Amino acid sequence: MSVPSALMKQPPIQSTAGAVPVRNEKGEISMEKVKVKRYVSGKRPDYAPMESSDEEDEEFQFIKKAKEQEAEPEEQEEDSSSDPRLRRLQNRISEDVEERLARHRKIVEPEVVGESDSEVEGDAWRLEREDSSEEEEEEIDDEEIERRRGMMRQRAQERKNEEMEVMEVEDEGRSGEESESESEYEEYTDSEDEMEPRLKPVFIRKKDRVTVQEREAEALKQKELEQEAKRMAEERRKYTLKIVEEETKKELEENKRSLAALDALNTDDENDEEEYEAWKVRELKRIKREREDREALEKEKAEIERMRNLTEEERRAELRANGKVITNKAVKGKYKFLQKYYHRGAFFMDEDEEVYKRDFSAPTLEDHFNKTILPKVMQVKNFGRSGRTKYTHLVDQDTTSFDSAWGQESAQNTKFFKQKAAGVRDVFERPSAKKRKTT
């Protein structure tokens, strides 16, 4: 049973494609439509054989090995004809055979020649022993013995080198055979791939597809980004160095200007004696001012103590005789209708300054206009603004809230007004310092 016949006996292969090439019994290839069948988990596909194909695989392997064995001699012949090392080795082997035959004629007992290093050394040792015995018998000098030993060592070394060359050639031959067998296997697998079931194509999204060009473009982009980052870092470093240099220059210029300003000061015309006299005058004035303030404070304390010791009649007579002196007494002016009021302040009024002597009751800005001619609804402060007042004046307005708690007439309010409320009781006694106990 041959391989093609075994392959042809296999059932037709089902595929998801529309049509597949199929070889018939005559060897013709034709396209046949494939019926797509539904996949069922655990069910054997229709294209899978019922029996195992181990026998066919073994038969195919046996045929393949036979072909490889037949191809080996041809390759060896070609290699031997083309490789000079093999030719030299063959010549050497023929020479060794002739020498071995000659040695067999002389030696009665047969001798086995091995190819390993230990056997070669044993042969050399036996040859040395035989040669030494012969030399002792024939009384050959030591120089001849050394010469023969050297020749034997050289011959053993040459044989070893030739064996190494043979092994290298065999390795090359094996590698060539393996490559050829791999190529044959690839061809065979390619043919098998044609006969194997075709798998369903899997869709890959466009953003997930990566080609060689895209990979190279991505690597190039990464390289450009790294170069750009290095360039930006170098620019930042240069900019930082430039800023540091500018700051250093500014500091140096500032130091130079300060030194120049100090040098520009002319202290040659100064007179220490005049400066000392001016300082003495300032110190004397300060001492005099502090003494006057201290005397004024003591005088004020003495006056307060004197006024406290006076009786009520004496105090009133003293105040009438010596009234309080007001430095910046303001004349009470007349305000216009709806004029704003400004308080001039209560501090520093004892200083004799022009600003404290001004008339603060004089109208300003819109207070110059006559607001009496305005309608009644507009005669309020800040009309049309969020801070406008509800009433023009409170003189004619009753703002009493009769709904409040303190406006109600109740027993609690009456008791409060009679006992605790100030200004509503019929008591006109002067309150004492101690709090009286009420029962």
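Glycine is treated like the rest: Cβ placed from N, Cα and C.
Worth saying up front: this structure is predicted, and the values here are computed from it rather than measured.
Residue with Swiss-Prot feature phosphoserine, selected from SER133, SER175: SER133.
According to Swiss-Prot, the listed position annotated as phosphothreonine out of THR16, THR267, THR327, THR364 is THR267. When SER53, SER191, SER386 are looked up in Swiss-Prot, the one carrying the note phosphoserine is SER53; the rest have no such note there, which does not rule it out for them.
In Swiss-Prot, the feature phosphoserine is assigned, of SER52, SER258, SER404, to SER52; the remaining candidates carry no such note in the record.
Residue with Swiss-Prot feature phosphoserine, selected from SER132, SER183, SER410: SER132.
Taking SER41, SER116, SER401 one by one, Swiss-Prot attaches phosphoserine to SER116. In this structure, of the modified residues SER94, SER361, SER432, the smallest number of CB atoms within 10 A of the CB marks SER432. The number of other Cβ atoms within 10 Å of the Cβ belonging to LYS418 (SUMO2 cross-link), over all protein chains shown, comes to 11. A 10 Å cutoff on Cβ-Cβ distances gives LYS381 (SUMO2 cross-link) a total of 15 other Cβ atoms nearby, all chains included. Note: the compositional bias 'Basic and acidic residues' (145-163) comprises 19 helix, 0 strand, 0 coil (DSSP; helix = H, G, I, strand = E, B). Note: the Cα of LYS357 (SUMO2 cross-link) and the Cα of LYS415 (SUMO2 cross-link) are spaced 53 Å from each other.
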